[in-house]
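Some notes on the structure that comes next.
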Amino acid sequence: MCGLFGAIRPRGSFSVEELARFQKARDKVSYRGPDAAGEKTFALKEGSIYLGHRRLSIIDLSEEGVQPMTNDGNVWIIFNGEIFNYVELREELRRLGQEFKTNTDTEVILNAYKAWGEAGFARMNGMWAFALVDVPSKKVVLSRDRFSIKPLYYIQEKGTLLFASEVKQLLPFQAKKGINESVLLSYLKQALIDSSHPETFFQGIWQLKPRHSLVIDLSTGKTEERPYWDFGQEDIPLKEQEALARMRELFLDSVRIRLRSDVPVGVLVSGGLDSSSIAVAANAMQDNIRCFGVASQDPRYSEERFIDILAEKGGLNVQKFRPQPAESWAALEDVIWHQDEPFGGMNVVLHERMLAAIKQDTDITVLLSGQGGDEILGGYRKFFIFYLKELLLQGKLVKTAQEVFGSLVHHTVLWQLSLAEAKRYIPYYRGWRDPVSRVLRKDLQLKPLWQSESLAQRQKADVERYTVPALTHYEDRNAMKHSMEVRLPFLDYRLVDFALRMPNSLRIRNGWMKFALRKTMHELPREIAWRRDKQGFLNPEAKWLKEDLKEHIFKAFQNSRLAKRGLVDQQALLGLYRTFLGGSRQVMETDISRFLLAELWLRKFDL
């Protein structure tokens, strides 16, 4: 994990003053890399390049891992992330005659590029954002991992392309900063950010799309964005038991390679199926691995009982934290600043407080997390709606009835699905008595979320565009705020590709979500493996919004910057909040927190 900053100017040079500004931008995210700082400037006939790097040492802690790095002077790199299969790739490259001077995964990328070119990126299993300078070819290659885990932003200003790990590094270089209204309105209406598109919340600031590289030709000044990997299309041609065995094999191998580290590793556990599966797998590979869970102050939101079951019956070393949530306005503003943009809800704040406590009380630098499991294995309640819709469209009435009956008998998803949640995906509820629509500008038109044709398509959409990019965004920013690294075993590309092509019956069966994982993780205590409810990393959001932050929220909405921009109706916004305070089930906590976070974001970034 590291911080990057770079500048590329075809047919031009940098002044001394500009280079000083570049270094300042690099160091603006020093928390992303407190262990070392490096930079290099290339003054070529075809143009100039600046590479700046802040290092958080994880693999090969020696000075040989300092960046920018080269091993022959021809190709240079600055890299943020980890290549988890670097050991296997290094051996393969050695057999091809490539030589290595370090034990870093960074040098593996350099030699992979020399051996295979950009095709080498598809061989890498990891999370990354990097910039390669190919001096002989007079080009720069920017690349980003498959699932938006590591960030990479860029702008074009006065003939110069500048790129960075965080938006705040680029803002001082914009001639005029502003908001991207379409992205902001989409967030406010549907709580979604389409990260398959390069636009961001900031006007004129772009993000490199996942699974893509951006190539800048210094000789011509032209840029070209191109994919290096895509999802498989064919169904898995395996019998059920073979498919289950293969999924387990891929999952365990994903955990195995994500335990590779030269600093201490731990596991975040919530008491749910995904994080518990990671914990028991990691503990079998690395004896007495340390696990960390949240014990809420409010028993209605606490997962402590399941965390205790995991510790006792799973034989795990679990340390519980009771982080004080950000009831304070200042703490909430601080998280907004580090996130760079509005986020999904107050659980992000509790997650940050959890990481702060771990950082303060332990020597852990790397954590494994269960993000991505719900998306690839079919864990969200909404997926049950898409599955039923698909069965009905296929005329499978008996199977539809079996799934509904199974859920009711087992007290699973249908017992937990609220009308407020269902209205986002069932067309009869779209726009009907939707209180959020009354707040927003009337000309806003968005594609209904129901329009995904199948369960698999909706899952893929969540991985590509909707929930996974939002989750990986906040995981990265919260971890980096405390100079920590979070790794996500469920987002191993082999496991993702396999899971998204499994039969629906292995995702959902008789009302049980994530059936395949429940069936294959024999090491889990039964109370967790066949747990009926789904809670995850939750927090008492309603209490914060109704009590602790009430005065601040009224003040923010009464002086709404969204309203001043003509994006919302201020009186309707205040009315929405009063309706929420009155206990209406039509207004969800996240409806209020989205408007609140958007207001805070506009203020914090002076937009």
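Placement of Cβ uses the backbone N, Cα and C atoms for every residue, glycine included.
In TrEMBL, annotation is done automatically, which means it is predicted and not curated.
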To which of L259, L268, L332, L397 does TrEMBL also attribute binding of ATP at the site defined by V294, S369, G370? L268
For G370 (ATP binding site) and C2 (active site, for GATase activity), the CA-to-CA distance in whole Å is 22
Rounded mean pLDDT for the residues that make up the domain 'Glutamine amidotransferase type-2' (2-219): 95
C-beta crowding around S369 (ATP binding site), within 10 angstroms: 25
Have a look around D105 (L-glutamine binding site) and count the other CB atoms within 10 A of its CB, chains all included. 25
Sort the recorded positions C2, L268, V294, S369 by C-alpha distance from D105 (L-glutamine binding site) and give me just the closest. C2
For G370 (ATP binding site), what is the secondary structure state per DSSP, taken as helix, strand or coil? coil
How big is the ATP site in terms of the longest C-alpha to C-alpha distance among L268, V294, S369, G370, in angstrom? 14
Counting other CB atoms within 10 Å of each candidate's CB, the least crowded of the recorded positions C2, L268, V294 is L268
